[in-house]
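Enquirer: Sharing a structure with you now.
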Amino acid sequence: MKHNNNNNSNTIIDAHKKIKNMEIRGAGRIGRAVASALKEYSLTIQNIENNEFKEKMIEAGDILKSARPTAVSLPNAVNYVLSGLNTNNPKENIILNAEEFIKSSSEATSKIGKIGSNRIKDGWTILTHCNSEAAISVIKTAHNSGKNIKVICTETRPRNQGYLTAKALADEGIDTTLIVDSAVRYHIKDVDIVVVGADAITSNGCLVNKIGSSQIALMAYERKIPFLTAAETYKFHPKTIIGETIEIEERAVGEIHEFEEKYKDKIKLRNPAFDITPSQYIDGIITEIGIIPPQGAWHIIEKYFGNVFKETL
Ligand SMILES: O=P(O)(O)OC[C@H]1O[C@H](OP(=O)(O)O)[C@H](O)[C@@H]1O
């Protein structure tokens with residue numbers, strides 16, 4: 001399917017392209033976008049045997065999974081939807097699974113908001129990094145419950161997603177300040193709690209999130225300020241439980257800087273999109289089933305992705 005112009009495959013190619021170029025971004029949105037693309041694609045496949053249908057859906061899932069390597073919401077959403085293939089009514093179940101994933105993902109974000117907002121006290125200043133729906137849900141819920149809060153948003157170079165967060169919070173009437181990434185330590189004395197999102201949580205409770213998250217966690221630790229990550233259960237990485245590591249996406253260096261011709265071969269650029277925050281710097285993982293300590297990550301993976309053991313061992 002990869003490079004043909006078959007109309008049926010356009011949905012998948014289009015979703016792959018939009019995720020890769022970050023037109024669709026944010027771990028949760030990516031998960032819902034692939035669920036929706038698989039549903040739409042399955043509806044376009046007509047009059048074929050179940051076996052052939054299965055092959056086409058697996059191929060579509062593989063294409064989607066290859067769009068970006070780090071956010072585990074992507075393969076988790078694909079696998080959740082495609083588990084419908086192992087039933088007597090594969091198409092029907094793919095559609096049901098896709099709808100279920102999209103609904104439960106949105107519900108999880110609002111539950112995380114309710115649970116996480118309990119950790120925020122009236123008068124507090126929250127620092128957040130990048131642009132996370134789950135972290136924003138926590139902040140907005142605290143604000144909507146009448147707490148007088150302030151938020152400091154990091155710019156989040158190179159793609160400046162922090163500006164999206166700042167606009168979303170300012171639109172809610174929240175007292176919002178945007179700072180450059182290198183100003184976190186300067187401002188940390190004013191911060192009461194850090195809340196960020198998650199692209200993946202490993203079985204040993206480490207957080208994989210937007211580049212710069214781990215520096216912020218270190219600074220929060222130094223000041224004894226709680227550092228929390230808001231992560232739906234589908235952001236836990238099932239294969240880390242069997243020893244797989246998570247690939248950190250390196251994006252095009254043009255996102256950072258365009259050098260003058262003279263320096264193009266003289267100055268190297270690197271653009272890793274994510275980093276890893278060790279579990280000892282994380283005070284809690286806010287999930288839709290409660291705030292768990294990082295040490296509880298193994299249990300979440302075992303509870304929600306137990307089949308990984310059966311399939312691989
Ligand atoms: O799912 P939600 O909470 O929206 O976002 C989770 C994370 O996804 C984003 O990645 P990118 O901007 O797609 O690279 C950020 O790293 C953010 O913290």
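Glycine is treated like the rest: Cβ placed from N, Cα and C.
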Enquirer: For the substrate site that TrEMBL describes with Arg25, Gly26, Ala27, Gly28, Arg68, Asn209, Lys210, which of these is also annotated: Lys91, Lys235, Lys239?
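Expert: Same substrate site in TrEMBL: Lys235.
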Enquirer: Note the Cβ centroid of Arg25, Gly26, Ala27, Gly28, Arg68, Asn209, Lys210, Lys235, the recorded substrate site, then list each other residue of that chain whose Cβ lies within 8 Å of it, in sequence.
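Expert: Going along the sequence, the neighbours come out as Arg29, Ile30, Ala71, Ser73, Ser132, Gly197, Ala198, Asp199.
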Enquirer: Could you check the binding-site residues Gly26, Gly28 and say which one's CB has the most other CB atoms within 10 Å?
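Expert: Most Cβ neighbours within 10 Å: Gly28.
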Enquirer: Quick one: which of these recorded positions, Arg25, Ala27, Gly28, Arg68, Asp199, Lys235, have their CA within 10 A of Cys130 (active site, proton acceptor)?
Expert: none
Enquirer: Under a three-state reduction of DSSP output, how is Asn209 (substrate binding site) classified: helix, strand, or coil?
Expert: strand
Enquirer: Among the binding-site residues listed here, Arg25, Arg68, Lys210, Lys235, whose Cβ has the fewest other Cβ atoms inside 10 Å?
Expert: Arg25
